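Asks: There's a structure below that I have some questions on.
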Amino acid sequence: MASIVSCFSKFCLTLFLLVLFHGSTNAKLSTNFYSKSCPNLLPIVKFIVHSAIMKEARMGASLLRLFFHDCFVNGCDGSVLLDDTSSFIGEKNAAPNRNSARGFNVVDDIKSAVEIVCPGVFSCADILALSARDSVTILGGPYWDVKLGRRDARTASQAAANNNIPSPSSNLNQLISRFSAHGLSPRDLVALSGSLSIQLKTNL
């Protein structure tokens, strides 16, 4: 599977993800955040992500994309995972996500497994961040330490998703402008394009 990621720079992907991981959040992040409260979190996430990718390699790209879309709307807070309620219309059916965002079932499987051993102590936002990292690593990309301790969103906004996530029809200048608004460079944009190449290659 290492050949799947040969089409783009591992350094660029690492840079993009590290910048994204340190995006907007109101929590103090740490690599050992769950070392005492949920020491089995990381191996559980990795096992389930690995199993999902073995069944369908494209799922790794889908989880990475899901995390990217989450982070571009009010920070990496798991808001993309929320279903619509009577008080808000969520992000799942926003134009950039409708009929294309995937991986929710994998995140749900992880949540269920972790809840058995560490009930009520983890955040779905952290699960999504770890899933993205493990997906890249399993597909042959680089490994990096993920800082944890994100707080889950209690609300979501379809309008914010439509306004912040780049549209598939965006031209280059629009894409650069949208990334720049989040503190990301054209190099980070190239890295994301590389992650989408994973998805294209796994469909061949």
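Cβ coordinates come from backbone N, Cα and C, glycine included.
All annotation found in TrEMBL is predicted automatically rather than curated by experts.
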Asks: For Cys118, which disulfide partner does TrEMBL record out of Cys38, Cys71, Cys76?
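Replies: Answer per the record: Cys38.
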Asks: Could you identify, going by TrEMBL, the member of Cys71, Cys124 that forms a disulphide bond with Cys76?
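Replies: When TrEMBL is consulted, Cys76 turns out to be bridged to Cys71.
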Asks: Starting from the Cβ of Glu91 (Ca(2+) binding site), draw a 10 Å sphere and report how many other Cβ atoms land inside it.
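Replies: A 10 Å sphere around the Cβ of Glu91 (Ca(2+) binding site) contains 30 other Cβ atoms.
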Asks: Considering only the recorded positions Cys38, Cys76, Cys118, Pro166, which fall within 10 Å of Asp70 (Ca(2+) binding site) when distances are taken between Cα atoms?
Replies: Cys76
Asks: C-alpha of Cys118 (disulfide bond) to C-alpha of Pro166 (substrate binding site): distance in Å?
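Replies: That comes out at 36 Å between the alpha carbons.
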Asks: Once near-sequence residues are set aside, which residues in the chain of Ser79 (Ca(2+) binding site), 6 or more away, have Cβ atoms under 8 Å from its Cβ?
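Replies: Once residues fewer than 6 apart are set aside, Ser79 (Ca(2+) binding site) is near Asp70, Val73, Gly90, Glu91, Ala153, Thr155, Ala156, Ser157.
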Asks: Of the recorded positions His69, Gly75, Asp77, Pro166, which one has its Cα closest to the Cα of Cys38 (disulfide bond)?
Replies: Asp77
